[in-house]
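Undergrad: Provided herewith is a single structure, encoded as structure tokens, for subsequent inquiry.
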Amino acid sequence: MAGQQFQYDDSGNTFFYFLTSFVGLIVIPATYYLWPRDQNAEQIRLKSLRRVHGRCLWYRLRLMKSQQSIVPTLKKAALLFGWAVFLLLAYKVSKLEREYQEYNPYEVLNLDPGASLSEIKKQYRVLSLKFHPDKGGDEATFMRIAKAYAALTNEQSRQNWLIHGNPDGPGATSFGIALPAWIVDQKNSMLVLLVYGLAFMVILPVVVGTWWYRSIRYSGDQILINTTQLFMHFMYKTPNMNMKRLAMVLTAAFEFDPRSNKEATIRPTDNIEVPQLIRELGNINVKKKEPPFCYPYSLKARVLVLAHLARMDVSEELEEDQRFVVRKSPALLQEMINVGCQLTMMANSRGEKHEGFHAPRLVTIENCMKLTQMIVQGLQESKSPLLQLPHFEEEHLRYCISKKYKVRTLQDLVSLKDSDRRSMLRFLGEEKYDEVMAVLGSFPHITMDTKLQVLDDEDSNNITAGSIVTVTVTLTRKRMAVRNKTVRKQTAYGVALYIIIKCVVVLQEVVAATSTAAAKEEEDEASDKGSESDEGEANKDSPSERDEDSDKQSDTEVDEMAGDDEEEWEALQQSIQRRERALLETKSKVTHPVYSLYFPEEKQEWWWLYIADRRDQTLVSMPYHVCTLKDTEELEVHEAKAMLDNHPQWDIPDTEEEDEEQEDSDGIEESEDDDEDND
């Protein structure tokens, strides 16, 4: 390119600018993301949780990890070393001589700008006597002085300096490449070529290939694709899956196979310890030869899960493996729920034409949820939910289930009077009793408000057959207050299971009641129309009066319709804005720690929300995994059933009389159907 020169940096000065920028681009973001957070804040948080969660396994492991871990120290040391290199390079750059600076002849001659010609000549003579080569001066310095003198005295040189910034006139633009010249030196060509080939033809493909091979084996939820396919096969094969079968499918996951997951291990001592646990557990379908349930890794994982549910003691080596299996299980069970939902959607999309394809039953999906809670609490399905509390053992339950107290659930315990509760728990000392009350008071109590709407409809509150109903659910979490009379009874495994199962029942009741109310409103409207017409025939008014009444009535109806339209429009706009905010807002999944005595990891309170048809044992909506409920959460639940092909309400009659008769009959039929659903 004309007028331009490209050259490598012989002095190496430009390379330091490049190296400083490169190190800064790495060190600054790494410090922001990798610098260990305030350890004191974590210690303060753990200290605040000690009164309630002090006996939990995850809490004790967290305290041990915070005391023994050296990872934060290593991170700090590495980041400090990076900052030291960055500051050293920045200091080196600040000391480099500036090669590209504006030429100023007055500065070269040590004169003030605007000096007279006589002052310039006088200063030139003084500097010439000092720096002339014949007088023993430096030749390069004398050449700069002579060039500066010419720029101020010679008219042509002065014009070049003023216009081009150089007394010699316009010159070629020089571009320095921020790499040392030795990189392209002929002597080092083979070495540089070898380094480039090793970096870009060996190391980079190996790193990218390894990352790609590992990433394609996992789903977005970090579950092995082979595990997802395994779950789909068995849930399709066994739509109605009991708890024992579900545990077998769970522990057959490839996450527990050492060939697929390096975290999983098979120890030589397993041949002795696992059979001993099998004898203690009893019948766990050991003789079943169906693969992969008969594989050693699956059998070991199943034994460890069942031992965890039975709260059995295991050896130290097996305890480490058991914690790994238990820690992985909730995520795997959530994947099973997702697989069940996918199969349900496939079955709904195919409809009744494909009778050979059966969706998983509702009991299978709910068993996955139950098993998740059982594993988190380390409690078998048949055991009392009171065993979730600290200091409660099997022998203590006889005090609770006696005829005097009849306490079988946590809600029964909460509802007791203070004196009766203290008398029943007389086997606990004051300190232990206070701890039990603190734990019981920390359990969640969820209230739920529902709102049903048919969006994009003239009357959003009018629900008819085939309407796409949006159920807006507002969940509010509060702590369980002692002697809270509003808490309803639950099934086993504490509040979590109660909320999940009860959410479905409440939603079913609300939907059915709303449908019935809509049908009754239609009947009332039809009867009102009939009575008005009868009165009109009996009281035959004059034509003018009838016209005035009709005009007033039409004006009133127009105003009411306009007001209703404005309210519906505002509600729709608010709903759209709320959805947009929900899409843009990223909420933390850190909600409230679950009280779990035997779970090895801190577990947050998460919930499932869904609508189900108990009669058909099918899902109406896909389970929504609520992971961000701290205080209040508003959710929208959409129907997942296939659309109906026809319905009596969609038949359009030929005449107005047939239309009115059809409305009356449809309203009666709908109310009768809804009453049957409620029953």
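Quick reminder: no glycine exception, Cβ is built from N, Cα and C everywhere.
According to TrEMBL, the protein has these features:
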COMPBIAS  527-555  compositional bias 'Basic and acidic residues'
COMPBIAS  556-570  compositional bias 'Acidic residues'
COMPBIAS  653-679  compositional bias 'Acidic residues'
DOMAIN    104-165  domain 'J'
REGION    516-573  region 'Disordered'
REGION    644-679  region 'Disordered'
TRANSMEM  15-35  transmembrane segment
TRANSMEM  70-91  transmembrane segment
TRANSMEM  190-213  transmembrane segment
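Looking at the shown structure, can you explain where the listed features end up?
TA: Long-range contacts of the transmembrane segment (70-91) within the same chain, counting only residues at least 6 positions beyond its ends with a Cβ under 8 Å from a Cβ of the stretch, are 16, 19-20, 23-24, 26-27, 30-31, 34-36, 39.
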Undergrad: Mean pLDDT across the domain 'J' (104-165), rounded to an integer, is what?
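TA: Per the prediction, mean pLDDT sits at 81 for the domain 'J' (104-165).
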Undergrad: Using DSSP, how many residues of the domain 'J' (104-165) fall into helix, strand and coil, respectively?
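TA: Helix/strand/coil tally for the domain 'J' (104-165): 47 helix, 0 strand, 15 coil.
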